[in-house]
Amino acid sequence: MRLARLPSSLFSVVMATGIVGLASAQAGFRFAALAFQGIAAFALAACWLLYLGRLARTRHVVAQELADRRLAPGHWTAVAGTSVVGSGCAVLWADVHWAAALLALAATAWLIVTVSIAIHVARARAPAAPVGAPWLLAVVALQSLAVLVGFVSPATATPLQAWLDTAALTAWLAGIAIYLVLAILLVRQLLRGLDRIDFTPAWWITMGAMAISALAGAQLVLDAPGVPVLQPLLPVLRAGTLACWTVGTAWLPLLVVLQVRRGSWRYDFSLWTAVFPLGMYSMASARMGTALGLPALHAVAGAAVWVAIAAWLATAGGLLRRMAARPAR
């Protein structure tokens, strides 16, 4: 395997698998959830080994990616993938220690990746490419940390829980603010005409970023009764969470149209970035139904999880066929 050829969004397969597992758990599919979580955990370990190998052996290639606006955002998948598996540890295995360890790893990765992207993009000499949908992975990375904190904080001591939930609240608000800025740029591209849009599976992150923001908000709502700093903010948290889910839902018809217009269903690694939002939409709907007392959202989550599982199976099948067709070396 040539490390230099690995995609910058290497961890997107972990993100997709892990969130489909969590969505399956919310739907009551315990065995499927554990299977997805096991695959995600194995994939996470493999991806970190490959990622660190790339840094050690092909550092110049990684530096070029970080300076390229089209490829740099993919590195945030390392944060989101690690956080999603950490959430699975807390929810499916009830192992807060592993979840906390992965939270520390994800937070460290977020800091390093974010600073590295900022430095390399600022120093880039090549003409700047327009900001595209992959940049919404910045939102996904932040919100994935907020979600994982929401699963870990209830098991911590009261002073630490308050600090963690304050950090989660900050990440949630920052993620929404970043989304608003990026969404304006993306909507401007859409207003120029659908025919001029270079639609890729990454466009599904426009919905996925809002879905994970809704999930993070729902976690804050659920944690608020035991955290004094969050209690006065409950009306804002509820309204913000519902708004995020509504915006994410509003993207769905347009994304389906753009996906159909694209026409190509051939396997490509970037398809994993489309599977993740589908699973996240189901998970967010289920948690929102609980947090906001909206039973109808559980029905939405139950239908969405089947779409997510089908998308995962189709994409995984494409990956296996691609691997089987590759000549042995």
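Cβ atoms are placed via backbone N, Cα and C, with glycine included.
Model, not experiment: these values are computed from the prediction.
Per TrEMBL, transmembrane segment is recorded for 35-53, 74-94, 100-122, 134-157, 169-191, 203-222, 234-258, 265-284, 296-320.
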Segment-segment contact (the transmembrane segment (134-157); the transmembrane segment (234-258)) at 3 or more Cβ pairs under 8 Å: no
Other parts of the chain folded back onto the transmembrane segment (74-94), taken as Cβ under 8 Å at six or more residues beyond its ends: 7-15, 18-19, 21-22, 25, 33-34, 37, 40-41, 44, 47-48, 51, 65-66, 100-103, 105-106, 109-110, 113-114, 116-117, 134, 137-138, 140-141, 144-145, 147-148, 151-152, 273, 276
Same-chain residue ranges lying at least 6 outside the transmembrane segment (234-258) that approach it to Cβ under 8 Å: 172, 176, 190, 194, 197, 199, 203-204, 206-211, 213-214, 217-218, 220-221, 224, 281, 284-285, 288, 291-292
Candidate ranges 100-122, 169-191, 265-284 - greatest C-beta contact count to the transmembrane segment (296-320) (under 8 angstroms): 265-284
Same-chain residue ranges lying at least 6 outside the transmembrane segment (169-191) that approach it to Cβ under 8 Å: 130-133, 135-136, 138-139, 142-143, 145-146, 149, 197, 206, 209-210, 213, 216-217, 220, 229-230, 233, 240, 244, 254
Long-range neighbours of the transmembrane segment (203-222), counting only residues six or more past its ends (CB under 8 A): 133-134, 136-137, 139-140, 143-144, 146-147, 149-151, 165, 168-169, 171-172, 175-176, 179, 183, 186, 197, 230, 234, 237-238, 240-242, 244-245, 247-249, 251-252, 255, 258-259, 273-274, 276-278, 280-281, 283-284, 287-288, 290-292
